[in-house]
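Below is one structure; the comments refer to it alone.
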Ligand code: RIB
């Protein structure tokens, strides 16, 4: 049977400027092209999971504005099921993004409609209970994430939390997590290391993994182009390198990784295989411009996975 993933999360319209260099605080730089691209960590991960082969549902909110129409259209075109999408009075979420020549980005999100997504009803809870995996991020109210997590626990649905953007979380919410996916900054915030801005401690992968395993049973620590580190309470420790690619824009590479990982987890694939396959999805995404526009289809993930990780004849 096709694996099912339900994403409870955000949708944003990304307003993206390409620039030779990213500005420092107080600096103005002259950029190049400007584009609008449907994004938002929740919507990106829903599109990523659908393109990676899952039956995917999205619960979230967009405004009754033109951006809301476009965000809905993007999700529908990707095959994401939208019975739980709310249209609310007010603007849709927006992300201001600058991408530099080295494919790095800066992102600021104005939550808009995402902040109005505060209540899950009985139909939402039943849907979560019926799916293989619940996938959340932190661009919607934390109480909504907690409601979704409680429904997942009630239905024995696996709960994967991508704790992005970084926010401190309660022990009660973390206790419901089956797999935590974080980058080093997010991990440092959750582990309470100087607000996540102490670079030397955020670089200490074993310290981060050990700190997080006190709160959750499994941790995936994403390391950008270097790949990921994984640890669980059964003592498994894995390091998986990412396939080397020519990166154009790393926006949504983490979403491609997390969406694909959720699909592999829902399918019950062994963890090392799931991590490699998800790394292939993230690397494939970084080769293209934009958020939803760059999320790979399953055959593209499979091709990069085979090339990077399978012995060549
Ligand atoms: O992860 C990338 C996403 O972060 C962008 O699409 C932007 O909308 C922000 O949510």
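A Cβ is built for glycine as well, from the same backbone N, Cα and C atoms used for every other residue.
All TrEMBL annotations are machine predictions without curation.
Feature annotation from TrEMBL assigns active site, proton acceptor to 255. The DSSP secondary structure for residue 255 (active site, proton acceptor) is helix.
Positions annotated as substrate binding site by TrEMBL: 12, 13, 14, 40, 41, 42, 43, 44, 139, 255. The Cβ of residue 43 (substrate binding site) has 7, 9, 10, 11, 12, 58, 60, 71, 74, 75, 292 as same-chain neighbours under 8 Å, each 6 or more residues away in sequence.
What TrEMBL records for 183, 222, 223, 224, 225, 226, 227, 254, 255 is ATP binding site. Of all Cβ atoms in the shown protein chains, 21 besides its own fall within 10 Å of the Cβ of residue 227 (ATP binding site).
Among the features that TrEMBL reports, K(+) binding site is placed at 249, 251, 285, 288, 290, 294. A coil conformation is recorded for residue 249 (K(+) binding site) in the three-state DSSP classification, outside any helix or strand. Of all the Cβ atoms in the protein chains shown, 24 others lie within 10 Å of the Cβ of residue 249 (K(+) binding site).
Per TrEMBL, the feature domain 'Carbohydrate kinase PfkB' maps to 3-296. When pLDDT is averaged over the domain 'Carbohydrate kinase PfkB' (3-296), the result is 95.
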For the substrate site built from 12, 13, 14, 40, 41, 42, 43, 44, 139, 255, further residues of that chain with CB within 8 A of the site's CB center: 9, 10, 11, 38, 39, 93, 95, 252, 291, 292
Distance-selected binding-site residues near ligand 1 (C-beta under 6 Å), from 12, 43, 183, 251: 12, 251
Residue, out of the binding-site residues 223, 225, 285, whose Cβ gathers the largest set of other Cβ atoms within 10 Å: 285
Spatial neighbours, same chain, of residue 251 (K(+) binding site) - Cβ under 8 Å, 6+ residues apart: 14, 16, 39, 97, 99, 105, 107, 290, 291, 294
CB within-chain contacts under 8 A for residue 288 (K(+) binding site), separation at least 6: 248, 249, 294
